[in-house]
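Pulled from TrEMBL, these are the features on record:
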| type | residues | note |
| --- | --- | --- |
| DOMAIN | 124-343 | domain 'NADH:quinone oxidoreductase/Mrp antiporter transmembrane' |
| TRANSMEM | 6-24 | transmembrane segment |
| TRANSMEM | 77-97 | transmembrane segment |
| TRANSMEM | 104-124 | transmembrane segment |
| TRANSMEM | 130-147 | transmembrane segment |
| TRANSMEM | 159-181 | transmembrane segment |
| TRANSMEM | 201-223 | transmembrane segment |
| TRANSMEM | 265-285 | transmembrane segment |
| TRANSMEM | 317-335 | transmembrane segment |
| TRANSMEM | 401-421 | transmembrane segment |
| TRANSMEM | 433-453 | transmembrane segment |
| TRANSMEM | 473-491 | transmembrane segment |
| TRANSMEM | 567-590 | transmembrane segment |
Amino acid sequence: MSVLWVSAILVPVLTVAALGLAGLGGARSSEKGREFITKYAALALLPFGALALLGPRAGPIELPWLLLGTHLTVDDVGRPLLLVAVLLYAAALIATYSSRTERAPVLAGFLLASFLGNALVFVAADTVTFYLGFTVMSLSAYGLVIHEGTAAAVRAGRIYIVLTLLGEMATLAALMMVVDAGGMLLADAPSAVAESGHTELIVLLLLVGFGVKAGTVPLHVWLPLAHPAAPPPASAVLSGTMIKAGLVGWLRFLPLGEVAMPGWGQALVVLALVGAFAALVPGLLQNDTKVALAYSSISQMGFLAVLVGAALAEPEIASACVLAAVVYAVHHGMAKGGLFLGVTVWRTHGDGWVRWWVIGGLCLLALAVAGAPFGSGAVAKYAAKEAIEPVGLLGVELADLLPLVGTVSTLLLLRAGWLLLTGSRDRAWGVDGALLSWSVLIVGGTVLTWLLAVQWTPLISVPSREGSALWDASWPILLGLGLAVFAWSLTRWNQTAGIASLVRRWTVPPGDLLVPEERLARSIGGAVMHGTEYVTGRSSAWAAGIAATTHRIPPPMAALENIERRLASWTASGIVVLLLGGAMIVMVVLR
């Protein structure tokens, strides 16, 4: 099995290297070589796919000579998510080549690098390897976001990398304290955090650091910007598997089941519910399909975060919540990844007889995300509802609130579907690799989620076929459809034509909270610059006065002024450095 593990890591690395080296040859041979590698790049994921299928039979592996001692394993949490990653990244790589994406070899290289980091997050059994994978994935994703090189892509990339670095600093500080408390191995991390003298601080840093990746409000603002900027294959993996890395970070390191932390648990539940429901308004007011889908992902990740918050507050239900979270993550990863990839499939296969194949697939995926009976969403949401049934917030049971997330999903998916149907599309290309791999996601998502849930019964519950269970899964969707029909009917009445026209002109910029946050940052930056210029001017005048009096002190030191001007032009970088230094100081003092 050691050969399989080593191959799983080396094959993607060597494939990326081959893509780079192929560009060093002559123009014609270089183009053919990179095209060939891009065409078959999905095969580089096969070793990790074999590990996911083997599961515990693959056995853990220890490499004491690598880093600080690398430990890898395929456990009940990482195995299903690894399989999702293999399927989704493979479909994205196939679509990258088949859909004739611009600069496809470059995109394929970043997809492979992101996959390797993503896979390491799921199979890491020690803290150092986990952080290495998390960082590789996060930084490689920057290349996916800015791939198209437009002004919107550059801006989205800038916001993404700033929030990513802030999250990385919080994560690094937290993990260093986890290791210091005895949590080098992930199996020991939750108990180490619970027994640490700095449990509260570690939990705060973990919630912030992994919350950026998980799209938790108010750290979600990069998602609605990155998805429309990135090519659809990249959007599929961003929403399908990358944001699940934040969830896995919480499940691996938070003291779930070890100690009750009702304060932090309830705080996370509140933020999660805000994200789950508040995503509705900005999502409905978008004019881009992928932005509307991004807000749908924010809502559904809020659903997932509720499970984590409940487990943090109530240790006795932690095991059921963790398993339900994994089932839901598998469902959402396949279904939402399929929807994002379906944007490309629709635009390239939206005419001719193939269009009905695509429309049927998109409808099945949308119904799954909304939680329709017999779909993957139904089993995932039922398991989540059963896991948190004893938990309440302000006198209201969470099990009564979470079904309404299905109503939010229904409305957002209807908006995304309308935008997709009324948008432009290319001439139909017929059946190709992109269409076939996308179809595998549709079938595989439902089958994989049901198999996973049945495997873990009776630790979690699966929905029955009784009328009451079918109604529980149906009424949130019917409510959403009813609200949509009501809103549409308002636009048909002559007396409300003026209101309808006004509503159609309303939009919320992608990133919502980012707009006032950017204005605040500019105001603070302007004040800092003004204060710096004032201090510099006063210092120069003071130094010049002393020099004129003593004739022994040289003019104001040009070198220092030059350094000051350079620092002033890197205000954002300075803030990052100060925050990093502050985190290190806190760690030293607390130690």
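The backbone N, Cα and C atoms fix where each Cβ goes, and this holds for glycine too.
Ranking 6-24, 104-124, 201-223, 317-335, 473-491 by CB pairs under 8 A with the transmembrane segment (433-453) puts 317-335 at the top. If one looks beyond the transmembrane segment (77-97) by at least 6 residues along the same chain, the residues whose Cβ comes under 8 Å of a Cβ in the stretch are 35, 38-39, 41-42, 45, 48-49, 51-53, 55, 104, 107-108, 111-112, 114-115, 118-119, 122-123, 231-234, 236-237, 240-241, 244, 248, 251-252, 322, 326-327, 329-330, 333-334, 337, 341, 344-345, 433-434, 437-438, 440-441, 444, 448, 452.
Residues 367, 370-373, 378, 381-382, 403-411, 414, 463, 497, 499-500, 503 of the same chain lie 6 or more positions beyond the ends of the transmembrane segment (473-491) yet place their CB under 8 Å from a CB of it. If you look at the transmembrane segment (6-24), the same-chain residues 6 or more away from its ends with a CB under 8 A from one of its CBs are 30, 33-34, 37-38, 41, 44-48, 50-51, 105, 108-109, 112-113, 115-116, 119-120.
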